[in-house]
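Features of the protein shown, as given by TrEMBL:
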REGION    1-22  region 'Disordered'
DOMAIN    44-488  domain 'NAD-dependent DNA ligase N-terminal'
BINDING   D73, E74, H75, Y76, D77, S122, L123, D153, R176, E214, K331, K355  NAD(+) binding site
ACT_SITE  K155  active site, N6-AMP-lysine intermediate
BINDING   C449, C452, C467, C472  Zn(2+) binding site
DOMAIN    636-712  domain 'BRCT'
Amino acid sequence: MPHHKKNTVQDNLLPPSESRRSAVDARIPAYAGTGTAAAPPPSGRRERAQWLATELERHNVLYHTLDSPEINDEHYDLLFRELVSLEQRFPELQTPWSPTLRVGGAPLENLEKDAHTQQMYSLDNVFSVEEWREFVERMRRAAPRISPAFWCDPKLDGLALELVYENGVLTKALTRGDGHTGEVVTATARAIRSVPLRLLGQSRFPMLLEVRGEVVIFKKDFVALNARQAAAGEKVFANPRNAAAGALRRLDTTGLLPLRFLAYSLGSVVWGNDPPCAFHHELMQRLAAWGFATPPAGKLCDCPQKVEDYARTAQHDRKGLPMETDGIVAKLDNFADQRRLGFTARAPRFAVAFKFPTEQVETLLTGIEVQVGRTGVLTPVALLRPVAVGGVIVSRATLHNEDEIRARDIRIGDSVIVRRAGDVIPKVIGPVLAKRPPEAKEFVFPRSCPACGESVARDPHETAWRCGNLSCPAVRRERIIHFVSKAGLDIQGIGRKWIEQLWDAGLVRSPADLFAMTVEELKHFERMGQKLADNFTQALDTAKNNATLTKLVNALGIRHVGEQTARTLAKNFRNLDELAAADTVVLQPLPDIGPEVAESVVNFFANPANKEEIARLRDLGISPQGDAEPHPAGQTHFLCGKSVLFTGTLSISRAHAQALAESAGAVAASGISKKLDCLIAGENPGGKLVKAQQLGVTILDEKAFMALVTKDV
Ligand code: IVH
């Protein structure tokens, strides 16, 4: 554990570091027996192990969250090794929050997936003060009585992570994944020192607490990491975000990169006996008190104008922050107002990312290439003299379409301005006319498909030229690439490069061909070998087993059918055959499906080549049942194995409520006692409620209970 001082940036709400530290000190769970930091440590085996675990965690918080270590690395390692050795000899001494769990085991083959109890949303962006004002206006129109105070903090350029705490103990960590389902990375998360293994504090913790935040690598750690990688002849990472992504998903937690977790919001929470937070600023204080590091320089701005000031200052100060940021996030402070505004399919209506102006550079446009996409659209791509912008080297950028090139008067040989923001695709803004050489050449858009030679057509209402050849090789290849991509079945380790090679070798002509390949066929393939061929087929098997109808429908790449529509279709049909048989009369009444989408779906399934492909996929074992989703409260639901008791009148029948609880894995209790995990109280609850309060049993009202068991994952 390297000891280096962090640059702390003070925020204006949390107490200054000394008083914050003593506030946290008071909450660091003290060892209950004799031998605190001051008194001599205990000598009994069990007491010693508990003392070591408590002390080590205290030092973790002091070092990683509070920036004020009390002991050096050697001392820490000594205590750590003693605890490891004790736990190895007496495994019953290992608690679920033991700091020894922070060291991971061997790398895992494949990451398990699990559903988020609440969707992990993305954020909408605004790029200017004007757009920010429009966002506020929209919010005011939607909910005129909201109070326009915002919690602001920097937008961290890392990876979103959700940590699940049950009664204060970390039990699971999930990546964002597609927002609905994430990858289980509990072991990696435990190895991140700034992730509390149990919450600080002595009071009762929320029964369920999902803390969301960002995994980042500090800039200085990134520089050191790349220096080490280079010295060892290993891959150098393009930016901290890529390095963090690799580390988090790699699962080889031994020698883990210097990842850090910064908490900024919540997923599901059942407060139990802990008083709920009503404001975002209150939540940030609570997160810090529980032992989480939070984004630096967070601030409560009591009006939209102050958010503009905050954004300006943040942009000015960004170089001084320890981590990469690409903007600020402004979130409505009042949780009741947040609930009032709710979410779109993609993002909250109560929060927005206010992006810093993007980086622009100048470089040479050496040529223009035309690519054919999976829908047959021809896209011109700028070939650039390689240049660094926004943290990566860019040598290609989109030029969108023929009209764009003409409108901006972009010519081959021009010096052009290229812009890139965050992970957005680089874009050519326009030429530097003053530098145009006399030989600069206008680009003539091709009238035939560069892949198949068929003539291309342009719909009068569209800007794009399109190749309409159903068997155009480029279209077919791009469709396979889409099929294996994250938007499709998300087949690990198989991406554009491999598909292009397999395609060029003539081995694969459709997604079904991929699944039909054997290790024998694969291993003799160029640059493949036994190990990679094994991984390959294993990844295909995993994808096959994990395929849901939503993913498969999305993977097929039906025109106008994106993720959201795929989800709607999967909710309404039991399998692909049923969907294939649906006509527009059945499809059109479904949410988000208009005449154009309905017709596109019907056409897709009427096409004989598509029919054949679907039949082949079915024969290969890819025929997922409709996502009449497994009950959201699956095996890992926090009610699983808990005893519950109902009292008072609920708006649904007691039998129905009981059934919901049981399908979440709960067990019905016969009466009230200290052993009861949870009392669900309806209207006019009476004596049981009082008794439960006296015994300190967790109490849920009907709304909280229903939210928990009927969540739409
Ligand atoms: S709050 C309801 N605060 O950026 C979503 N998100 O590009 C509330 N992010 O999905 C999220 N820094 O993963 C929040 N200070 C910050 C953030 C932040 C980075 C991530 C987050 C979000 C993504 C959108």
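Any Cβ shown, glycine's included, is placed from N, Cα and C.
Taken through DSSP, the domain 'BRCT' (636-712) splits into 27 helix, 17 strand, 33 coil. Here the recorded positions are H75, K155; the one with the fewest Cβ atoms within 10 Å of its Cβ is H75. When the binding-site residues L123, C467 are scored by other C-beta atoms within 10 Å, C467 scores highest. Using a 10 Å radius centred on the Cβ of R176 (NAD(+) binding site) and all shown protein chains, the other Cβ atoms total 19. The recorded positions shown are K155, C449, C452, C467, C472; of these, the one with its CA atom nearest the CA of K331 (NAD(+) binding site) is K155.
Cα of C467 (Zn(2+) binding site) to Cα of L123 (NAD(+) binding site): a distance of 34 Å.
When the Cα atoms are compared, C472 (Zn(2+) binding site) and L123 (NAD(+) binding site) turn out to be 37 Å apart.
Checking the recorded positions (K155, C449, C452) against R176 (NAD(+) binding site) with a 10 Å Cα-Cα cut-off leaves nothing. With respect to ligand 1, the recorded positions H75, D77, L123, K155, C449, C467 contribute L123, K155 as residues with a C-beta closer than 6 angstroms to one of its atoms, given in sequence order. The Cβ of C449 (Zn(2+) binding site) lies under 8 Å from the Cβ of V372, L378, S455, V456, C467, N469, C472, A474, each of which sits 6+ residues away along the same chain. You'll find the Cα of H75 (NAD(+) binding site) roughly 36 Å from the Cα of K155 (active site, N6-AMP-lysine intermediate). Every protein chain shown contributes to the tally, and the Cβ of K331 (NAD(+) binding site) ends up with 21 other Cβ atoms within 10 Å. Mean pLDDT for the domain 'BRCT' (636-712) in the predicted structure: 80. A gap of 32 Å separates the Cα atoms of D73 (NAD(+) binding site) and the residue listed as 'active site, N6-AMP-lysine intermediate'. Taken residue by residue with DSSP, H75 (NAD(+) binding site) is part of a helix. Looking at K155 (active site, N6-AMP-lysine intermediate) and L123 (NAD(+) binding site), their Cα atoms lie 10 Å from each other. In this structure, the C-alpha atom of L123 (NAD(+) binding site) lies 40 angstrom from that of C452 (Zn(2+) binding site).
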